[in-house]
Every structure is written in C-alpha cells, then in structure tokens.
Amino acid sequence: ETQFKTDLRRFLKTQGLADFKIPKRVEIIQEDELPKTRSGKHIRAGLANILDKTYSIAKPIDKEVRVTLPSFHSAAVGVQFVLAIAVMYVHIGNLNTWIVPSTQDSGKYEQLDQANAKTSEWSNTRTWCFHTPLFFFVGGFLLAAGTNAPISDKKGLQNFYKVRILSLYPMYLISVLLCTVIFIAQCNPRNYIPEFDRTRLPLEGENFVCQATPTEMNWTSTLFTSITTYSLLLQSWPIAAPFSWFLSYYTWFSSVYIFCIFVFPWCHKPFFAGRNDRNTLYKLTISWIFANYIFIAAFSFGLTLMNDEATLNWFVLTVYLFPPGWLPCFSIGIGVCFLLNDYHKLDQINTHAFKLGMLTDGISLFLLGGWVFYGIAGSLARPSLIEESEIGNRYWAAYVSRLLCPVGFLWFCGLAIGKGITAKILSQKIIVNWLAPSSYNVFLFHQPVSELYFFATRGIWWAHPKSFYWFSPYPIPVNTWEVPIVMTIVVFFSMVMHFYVNGVLITTVTSCWSCFRGRKDVSHTVMSVANIVKEAIGRVTHIDPSRLGDETDLTEMGISSMTLPVAVSEINMALKAHNSKLKLTARSVRRASSIDDLVSIASNSRHGGKHDLGPILPVQQNRNQ
C-alpha cells in the first residue's frame, strides 16, 4: 500500500500535475464504503471531512509546528548559485589588473597603474559586493524556514547544533586541509621570514609572501596556531589575526555563519513568540535593520579616529570580519521569513504578486546596472570623502554592500514569492536541482581549485598580497577567456563533493561519534522500516515521531539539501542497529519529498537502491507558479 501511494504521487508528477494539486493523503477503501445520497449518487461536497471522521491516520505535523514554515518558490534556492558565481567572479580573473609575464621563466606579474591604465577600471566591479550581506540574509531565512518550534531546552539545543554543524563542518575541514597543503607548498621553513611587515612585497620571481604573523613566532608554532584557529572556526574574530596565517582566505564566512547558528535560537525565539502579530514582526525586523545601520555608523565614526595607515588597516580588517557585525543581516532574514509566512497565511500576496514580480525584475536590472557602472566609472561611484587608495576601495565596498543591503533583501523576497522573469530563470531545474545544492561547496573550494589550476597551467603559485594587510590576496590572474573554464571546474568539483563525498563524510563522522559515546550497535526491538525512519527523522528534526505521518513533507520539517545527508546517516545507523541490511545513499534519495518516499526507497534498497529520484529541493512549490 505504501509503495502504491508513492508510485501514484510519482506518476502524477511525471504527468505534469502541479505539486499543490497532488494529493498529500491517499486513502484506499471499498467503493461501497463511499458515502452516497438517498438516490445512490456519491457525495462529493465535504467528502474529505466525512473521511476524516471515518478513517484515522498518523497525526501529521500540527498547525503549531507548521506555522513558521512558509511556502516559498524554488527561485529562493536557485539564487544561492548566483551568489556563489558572484563570489567566484570577485576572486578569479585578471580583469586587466596585471601585466602578464612574456615567458614562464620570469614568473613575475607586475600590477598596472590604475591611474594611467583606464582598461583596469573594470576591476572595480569586484567592489560591487551586494552578495555578501545576502549570504547571511539567506542563511537566516532558510534556517527560520526549517525550524518548526523555539529551541530552548538542552536536548533541543544539542540536537539543533549537531545537525547544523554536521551538515557544514566535515566538508569545511576538507577544504581547509586542501588549502593548508597548498599553503605549505608555498610557505615552509626554507623560505620563511621570521619578521612581520604589514606591507611586505613578494621576493623576486615569487607571487606570494612567506612571513611571520604579528606575534613573530617560529614557522612550526605559527602553523599550529593557524590550524587550531581554523579548526575551531575562529578566523573571523579579532583575537585570531595576530597569531594565525590566512590559510583559507574566504572561509571567514563559515566562521561568521557558525556564530550566527549558535545565536540563532535566541534570535528566532522573539520572532516565533510574535508570529501571529504582524506589527510585532515588523518592529523586530526594523530593529535589526536599525542595528545594521548603527554598526555602519560606528564603523564610520571609528574611521575618523584613525591617525595613521597601519591603525586604519587593522581597524578595517577586524571590523569587516567581526561576526556580530553580520548578525543584523542574518536576523533580518529570520524576520522576513516570518513576515512572508504571515502574508501567505492570509493569502495577501496573490493580490500584488504581479507587481512584486515587476519590482523584482526592476531590482535585478538595478543590481546589474550598478555592476556595469562600477566597471565603467568606478571612481565616480566612490564619494570624495573616501580615501582614494586600495584600502579606501576596500572599506567603501564594505560600506556600500551594507548600505544597500535592504534592496538585496527585497529582491530575495520577490524571488521567494516567485513572480517575474528573474524568478523564472532561477527556478530552472538544472539550477535548483543540481547547481544550487553545491553552492556552499563552490564557496569552500573555489580558492584551492583555482590555485591548483594556476599552478598546473603556469608552474607558479599565486597568493600575491594586497598593498595592505588583508585576509585575501589579489584575485587569481588567469586570462579572461579562462575564467569560465576555471569556474566550470570549480562547479563540477563542488557537485562531486556534495553528491558523492559529503554523505560518506557525515556517515563516517557520525559513526565515530557514536563509537566514542558507546552507543549500542544492536537493538532487539522489532520495528517496521517506517517507524525506524520516523524515529530517525524525529531525532534529526527534534519532532515527536508520533506527529509524523507517512505523507509528511520533508521540507516542512527543515530537511533541506544541506541537512539531508545527516538524516540519511541517522536512518542508516538506525537500520544497522536493528540488524537490517537496508541502506540509503545520498544519491538514491535526492528527490525524496516525504517520509513515505524515504521508507519506500529504504525498503527497496536491498535490490540495489535503483530508486534514484534526483536532488531534493528545500522548497515547496508556490501555488501561483
């Protein structure tokens, strides 16, 4: 019966029936059991209510749990890949900034004088960093969409942190390990300079600097403190800069995001408490918007107190990375999630959906226009009060991205609603099903993959420091025609890591942790596969398994493409504990949409796990699609 229900839903999907028209509940009864009128005709009106009273089924997630989970369009997932592309664009490509050596033997790249070389001005497009605040906003939005109740008790907190960290940390460690190996190939005891110089330039024939950190420890001690810093995700905190090298330039985002995850339960709680009061939700969201601008004002005031370039350098570096400074963007995402849900509940979005789609497309043109304007007349885009220097460009980029962040947030809301050309493009299956789930890995691996590509094609390492002390070097100066090639390699590598490696990593970590805790390997309790799956899902989502029905949608419980491997690992361990030879794989459950799907795939896994349904979507289709 379970298999029939699963096959029926799958058949309706293949026939092109919209997701919201596919029945979430299927009852199999005898025809003579259907209610009829006195004349013998079947009763159609109110049939669902009559059957509800006659046939009891497993209790689904109740209204109290579902209330925080809005139905948002798949474009809200697809946009993550756009943000990943924006990150790669900022860090990969020459953009007429460097004079490429005529022979490989010289190996020395010379920087163009931007004051005299107008062709290099296009590199200013890299300071149009609208994507950075959006990363944290989307993170807060999706976390809120996948959290079905306040997280307050100790067990709930432990489970929440376990699932989120398991979904992020193992792959993060792999990327840091790869970056560390590349760093050691560049910087080792043979070429180590034990003195620190904030503006030190590379030696002749090199495009990187191997020197001490400000504390000027020996090479081995510095490597140890650096690895410790990155292992504990502390690289974005001010205390780390004096003791640590920048091994993995761009994973400061992971450090900040982990901080946001740790404080999420306390940011989420007041929004959940006011979920039925729109005024309260607006007040909370606006207060976080004010917090963002207060931080910008404090940053601006601090700049006026800087008397010398060295102090200015350290101030900009530490304030830019400071995790609490990004918390407003993250929390605004939580608030917008609740507000969208409130409007969805009252069906007040449909009335203005077309206008919202037009607005979203208008913002898309604005963002694209701003990017082009920066490339054509970047000097005009920077106010005269901002110092005309590389570090001035850097902190102006930090300014403008946060000043305009509400525009980007409004753009994301339009995508979540799903109207307009932009939403249609970003909801294409290849983006949502394959590219977007790999976006986090694109972010993690674009540094080591691009560095290895540069070394393989040039025979030299690239980590040329900026003219000031910063966490990242100049972008990899590959030719313009090579940029899409490098990006494609990064994307394919990231997809392999997500769809084939991540599940193995999480299973290994989970198994090691269970052995460390002395978890029992075998259970003598006889349970059905369905109950085993429900109990495992309940542990991952912190929902009572008795409240989960066969037709319960995975997205309603916060099981997304990031947390699905954690759920698969938990289910496999539970099956193993019951002496079952059944086993799920990340590939076999890629488009499972309900608990029933997981049960069906697990039950048939002894036949080779051929139920390959494609990638899971952490979204619900919008009814206005």
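The backbone N, Cα and C atoms fix where each Cβ goes, glycine too.
What TrEMBL says about this protein:
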TRANSMEM  72-92  transmembrane segment
DOMAIN    79-497  domain 'Acyltransferase 3'
TRANSMEM  130-151  transmembrane segment
TRANSMEM  163-185  transmembrane segment
TRANSMEM  243-264  transmembrane segment
TRANSMEM  285-305  transmembrane segment
TRANSMEM  325-344  transmembrane segment
TRANSMEM  356-376  transmembrane segment
TRANSMEM  396-418  transmembrane segment
TRANSMEM  483-501  transmembrane segment
REGION    606-625  region 'Disordered'
Task: Long-range neighbours of the transmembrane segment (130-151), counting only residues six or more past its ends (CB under 8 A) - done: 61, 64-66, 68-70, 72, 76, 79-80, 82-83, 86-87, 157, 160, 164, 253, 256-257, 260-261, 264-265, 267-269, 271-273, 326, 329-334, 336-338, 367, 370, 401-402, 404-405, 407-409, 412, 416, 541-543, 555-560, 563, 618
Open item on the list: Using a cut-off of under 8 Å between C-beta atoms, tell me which stretch among 163-185, 243-264, 285-305, 325-344 contacts the transmembrane segment (483-501) the most.
Closed with: 163-185
Task: Contacting positions for the transmembrane segment (243-264) when only residues 6+ beyond its ends and CB under 8 Å are counted - done: 87, 91, 135-136, 139-140, 143, 147, 151, 160-161, 164-165, 168, 172, 175-176, 179-180, 183, 187, 213, 215, 217, 222-223, 225-227, 229-230, 233-237, 321, 323-324, 326-327, 330, 334, 443-444, 446-447, 471-473
Open item on the list: Under 8 Å between C-beta atoms and at least six residues away from its ends: which parts of the chain pack against the transmembrane segment (163-185)?
Closed with: 143, 223, 226-227, 230-231, 233, 245, 247-249, 251, 254, 257-258, 261, 440-441, 444-445, 447-448, 451-452, 461, 463, 497-498, 501-502, 505-506, 508-510, 540-541, 562-563, 565-566, 569
Open item on the list: Let me spell it out: take the transmembrane segment (72-92), skip the flanking residues so only those 6+ beyond its ends count, and list any with a Cβ under 8 Å from a Cβ in it.
Closed with: 125-126, 129-131, 134-135, 138, 141, 145, 249-250, 340, 412, 415-418, 422-428, 431-432, 435-436, 438-439, 442-443, 446-447, 450, 472, 475-476, 478, 483, 486-487, 490, 617-622, 625
Task: Outside the transmembrane segment (285-305), six or more residues from its ends: residues with CB under 8 Å to it - done: 312, 315-316, 319, 325, 327-329, 331-332, 335-336, 339, 395, 398-399, 402-403, 405-406
Open item on the list: Should anything in the same chain at least six residues away from the transmembrane segment (396-418) have a Cβ under 8 Å from its Cβ atoms, list it; otherwise answer none.
Closed with: 70, 72-76, 78-79, 126-134, 137-138, 141, 289, 292, 295-296, 299-300, 316, 320, 329, 332-333, 336, 340, 349, 353, 356-357, 359-360, 363-364, 366-367, 381-383, 386, 426-427, 622, 624-625
